[in-house]
Amino acid sequence: VVLRPGSGSRQQDPAGGTDGLALASDPGGTLNFLAMVENLQGDSGRGYYLEMLIGTPPQALNILVDTGSSNFAVAGVPDPDVTSYFNAELSSTYRSQGVEVTVKYSQGSWTGVLGTDVITMPKGISGSYTINIATILESENFFLPGVKWHGILGLAYDALAKPSSSVETFFDSLVRQAKIPNIFSLQMCGAGLPVSGSGTNGGSLVLGGIEPSLYTGDIWYTPIKEEWYYQVEILKLEVGGQNLELDCREYNADKAIVDSGTTLLRLPEKVFSAVVQAIARTSLIQEFSSGFWTGSQLACWDKTEKPWSLFPKLSIYLRDENSSRSFRISILPQLYIQPILGIGENLQCYRFGISSSTNALVIGATVMEGFYVIFDRAQRRVGFAVSPCAEADGSPVSEIEGPFTTTDVASNCVSSVSFHEPVLWIASYALMSLCGIILLVLIVLLLIPPRCQHRYTDNDVVNDESSLVRHRWK
């Protein structure tokens, strides 16, 4: 049930609240959130996936849950790294739109053809729904060895949909056809477990609301700054309770997003360097290989030892819905010092679950495994609550605390404008054209030789990108 918040942004648990959203019934009867509990499998190293039935007769596929992209796409031809694919020729309800689509991620890409077909979810909303589906015909570094999914479910906004925002997203189609509230929530249960173990961990994708059994305490909400990715505003970071003392705009350069399809916590380069220095300074390890921090080396300890006690906790401050307040989400080392593999009988090896990024701060699975995360699109906000499955050795590995005052930070920490909206693109192109004309006149007047002119390459093309789950260690 979606509940009405109590004071500020903390959400209380009185039964029967509706949070201003009508809890609709789906075609098959009452919306049953408990039926969606434990409908995900996977791990942070290879992603969390949902079983779907696609087409007529239904073909069962595992679909990666990705809040950092917006296309629903499935393998449409055999691939060495997938065990199943969707054969459109065998579905009597498939309709091709004849439109080619290419999606590039920060790691990997695919090209396919848009079409529509019916889907059902064995552990989701009952009923069948007609959805836009891209069948993947070619891919590069998208399907990877060891992954157990056969497609991707992009749950971000239509602004990121390819080839254009006119392609209705999966969740928008579901809201329209099933008449469910425009909200979903996500719990991934892999805290303290091997990031790519032999088995799979559980998780839950609740479509249309919030399931109270999936969190404890209060839900704290932060506004969505822009509706493309789930972009939020980060005010500061602390390592071991010590503020990094960076300009808050550094944390949001050039955006800060919540993305379940990203394996790690990714930080802008300046922030990453500060975090590594702070962790190294406050940890109980005197000397540590730089390769561990960059992801090129693992660190191994005797299996009888638990290295987590050697490292500090990491806190991220988010702006509250009341802009004069903030709250912090904290992860203990059990979430960012991640077990990878055992060597022999005595050693357990770990990786650093944080990496640097050139264009975003990304709250990925490293952090999300500590929380029940609510994507409240109706009220343009993202909520965080402590997840009861975020435990290691019986102790919680995540915390939420607040409220805190924001008098010590700027009134707006998001400095750059996101040029993904059509009007802004038109304005930017108009300004670029004007500058180009002026520059051309100057070139003619100054008789600059043609060889000095800039020749555009593929590197000048900017694509909306989200991070795709893949192994990041060597």
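Residue numbers in this text run from 1 along the chain shown.
From the backbone N, Cα and C atoms, a Cβ is placed for every residue, glycine too.
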Disulfide-linked residue for Cys248, taking TrEMBL as the record, within Cys349, Cys389, Cys413:
Cys413
Among Cys300, Cys349, Cys389, cysteine joined to Cys189 by disulfide in TrEMBL:
Cys389
Check TrEMBL and name the cysteine among Cys349, Cys435 that pairs with Cys300 in a disulfide.
Cys349
Asp259 (active site) versus Asp66 (active site) - Cα distance in angstrom:
7
Considering Cα atoms only, can you say which of Cys189, Cys248, Asp259, Cys389, Cys413 is the nearest neighbour of Cys349 (disulfide bond) among these recorded positions?
Cys189
If you draw a 10 Å sphere around the Cβ of Cys189 (disulfide bond), how many other Cβ atoms fall inside it, taking every protein chain shown into account?
22
Taking only the Cα atoms, work out how far Cys248 (disulfide bond) lies from Asp259 (active site), in Å, as a whole number.
20
Measure from the Cα of Cys389 (disulfide bond) to the Cα of every one of the recorded positions Asp259, Cys300, Asn322, Cys413, then give the nearest.
Asp259
Spatial neighbour of Asp259 (active site) that is closest, considering only the recorded positions Cys189, Cys300, Asn322, Cys413 and their CA atoms:
Cys189
